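Enquirer: Okay, handing you the structure first.
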RNA sequence: GCCGAAGUGGUGAAAUUGGUAGACACGCCAGCUUGAGGGGCUGGUGGCGCAAGCCGUGUGGGUUCGAGUCCCACCUUCGGCACCA
């Protein structure tokens, strides 16, 4: 064994061994329990970043650990290879997205391999390969047949200069990123997937995912956004149905006939979202409310700018038309809407209150969303904070209809004033007042009574609605999976027959920013109608890349299947036992994958309901931010590698300078590693300098996996120091020869203590990795053991045998985390079989036995002494020994002992007066 | 604004079930080692105090023999987002 630890050699050797023996090939074996460990696949952006390294190291540790536990493990890897960056790169460099993508994949694959991940590379694929995306198309056609996929118009960002559709991220302050032109909103036909049909199940099944982080489940539940309330209508005064120009809808009447008990999400999702018209059938203004108990307090209604009633009113009111235009111009991003000033304008139209018959004015409000509910709300300013402020601003009446008695709870109504908003105004705990026959009813009773009365009048009923909207998958982009539709002038939109799949994407296009290049590809666009044989035009839109990532985990089970999307091997491997990825995917990717799984299940392609049994969301990787901001001009960020930090003599930071010019830079705190803040660390540089094991060790040691991880060059050096020390100690031990097998059950005291520590450490590491997933504490425990081992200065036979066992267990305990050095140490310790095929060691319970325990003694809760007591000592004896301790006796002397609390094996607390 | 998570030495953190606060590591200090390369080894390192000891886990209360951990109120930071009717 070399005296010196040289990671390049150690790591190359280990990786060559694993390659040669195809150690990571996963083979289905019904006799063995499987373990499918999956990390979210990367977008091939060019090179790995630290977030990838962290993600894949966590997955690899669990994979290798479970493998040592005897499970038949699968850890695959692939590439989320379609997407916008490839088109941007093409525009910048003139390289086709296909070439750019495949080059990046080749480079990043080498990087992943150099980190020594236990990946079955034989299952690798990229989503841009026709063998994969063929099945996107195939499933899309099945969805079309089942009515899950459908076509309707949607709004997109239109750049009038480049004549192209832009993604949200390509719109900066309302202008195109390349042209600077003001972006217009355009309505174009698009394909949608009816995820809302699964809303109820997607919500309910969150309860079947107990091993997902609570906060992810909460985020998904909020995103699905189930609301139980009442949908009802106001008659629009003096407006006939024909005047509104809304065509009779085939869905008309469906809402009323559905009954409140079992509302179908499918029907609901159609209603109110299908576009203009439906909300005004028969001259009715439909609204949805969760506070029907406040209906007697309605003093106005507010509709969205896009609402047909607003459109109608604007025809004869230029000022209103201008206001509506202003509202429509604003951002569609809901986060932006949260901060805009609330504005409104009266339409001049009145509606009739369904219960009181009073006339109610209708306003247009910029805070009403067309996409949620009916695009119209009843406004109860006394009991809704937004309505309250709106009413104050425009001097609209405010009528209290809910009373609350605080304090005693009997009768005494707390005073209501319109001076300022009070928290309790929105409370559901009060009872109705000023509400005629509903007076005195609580929330639930009032809602029931009011819903029943509305139903009797044929003007409404209870209703469940979801915030979740159908998934629009059409993208007016080149580098994606073609949507398999043919547009025929005679037959309309015709699905591509299964036998003609895949619709292959030409790979030699170079986008130039002026729209989808597919439109100009005659050989792609021109085709023959499968129905009538006439000339037809192929759809040029491609699919959202979230489609690609919605089922890739299932494809890994049978990546070579040419006949089917997935084959019977999926039954063995799925569902994924452990999924690992960034918290940024908590909603969309995970929700779409869950939806896609349920669709595949309903098509009897798979048997599972949920694709990911256990989820681990790893924290972000942070680093310091340094910058200079000149008097005039732009802020410049400096990479922490180019900055030297100045410390005072206590190690407290006093400043930082740029290494190149020695002049000070300012600290911007710490933040996520990003290009814009120039605070990234290149994993490749780290691997080149210290090796993969050091990178893996540092990343797993610095923080628990779910927490953020702060980068530290000193910490990396420390991790490397530990490995060098381990290597050196092991080399010294092995250099003296492999000790003969020795009976370790009878050892002198210091050796027995050391051996107990060895097995205590094994016990802790097993629990930390297997159950707690706190890799940082597992590593700390091994470090502690190594420190104890280094202190043992004893060259005797028994000592060498104890030391040998300790090194063996250290090599195995560290094998999931730093597999290369463990591989080398294991062979050096005299084993013929490689560490990769070794089993996780078992704790020797006999080694854990001890005769005496150290017990802490407190007096009035303050630590006053420690005593050694026999393990089997009865409580009286422990108490006696505790009181006999010199320091304890001193603190107890002269005081009456009131109580003595004995916690077996832990402590004694003596309570004195 | 709403929702969620978290506040512990100079720093990253540990304390798993209410039971020794600060394991492990970084940094710093002292000493040794002419093998300066990102050296190696030993010891020290929460604050105050000569000491006994006292104080100490964001702040203020509370429960308990005992609280970083449980309860109430507040402050701060981070993350997510919805004006969701």
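Glycine is no exception: its Cβ is also placed from the backbone N, Cα and C atoms.
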Enquirer: With the ranges A:672-676, A:677-681, A:682-686 to choose from, which does TrEMBL describe as motif ''KMSKS' region'?
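Expert: Going through A:672-676, A:677-681, A:682-686 one by one, TrEMBL flags A:672-676 as motif ''KMSKS' region'.
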Enquirer: Please find, within the list A:42-52, A:53-63, A:64-74, the residue stretch that TrEMBL describes as motif ''HIGH' region'.
Expert: A:42-52
Enquirer: Provide the three-state DSSP residue tally for the domain 'Methionyl/Valyl/Leucyl/Isoleucyl-tRNA synthetase anticodon-binding' (A:754-876): helix first, then strand, then coil.
Expert: 73 helix, 17 strand, 33 coil
Enquirer: Determine how many residues of the motif ''HIGH' region' (A:42-52) DSSP places in helix, in strand and in coil.
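Expert: Residue counts for the motif ''HIGH' region' (A:42-52) by secondary structure: 3 helix, 0 strand, 8 coil.
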Enquirer: How many other Cβ atoms are found within 10 Å of the Cβ atom of residue A:675 (ATP binding site), counting all protein chains shown?
Expert: 9
Enquirer: Cβ under 8 Å to the domain 'Aminoacyl-tRNA synthetase class Ia' (A:673-707), counting only same-chain residues 6 or more beyond its ends: which ones?
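Expert: Distal contacts: 7-8, 10-11, 47-54, 57-58, 60-61, 111, 114-116, 213, 616-626, 637-641, 715-716, 718-720, 722-723, 773-776, 779-780, 817-821.
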Enquirer: Please work out the helix, strand and coil residue numbers for the motif ''KMSKS' region' (A:672-676) from the DSSP assignment.
Expert: 0 helix, 1 strand, 4 coil
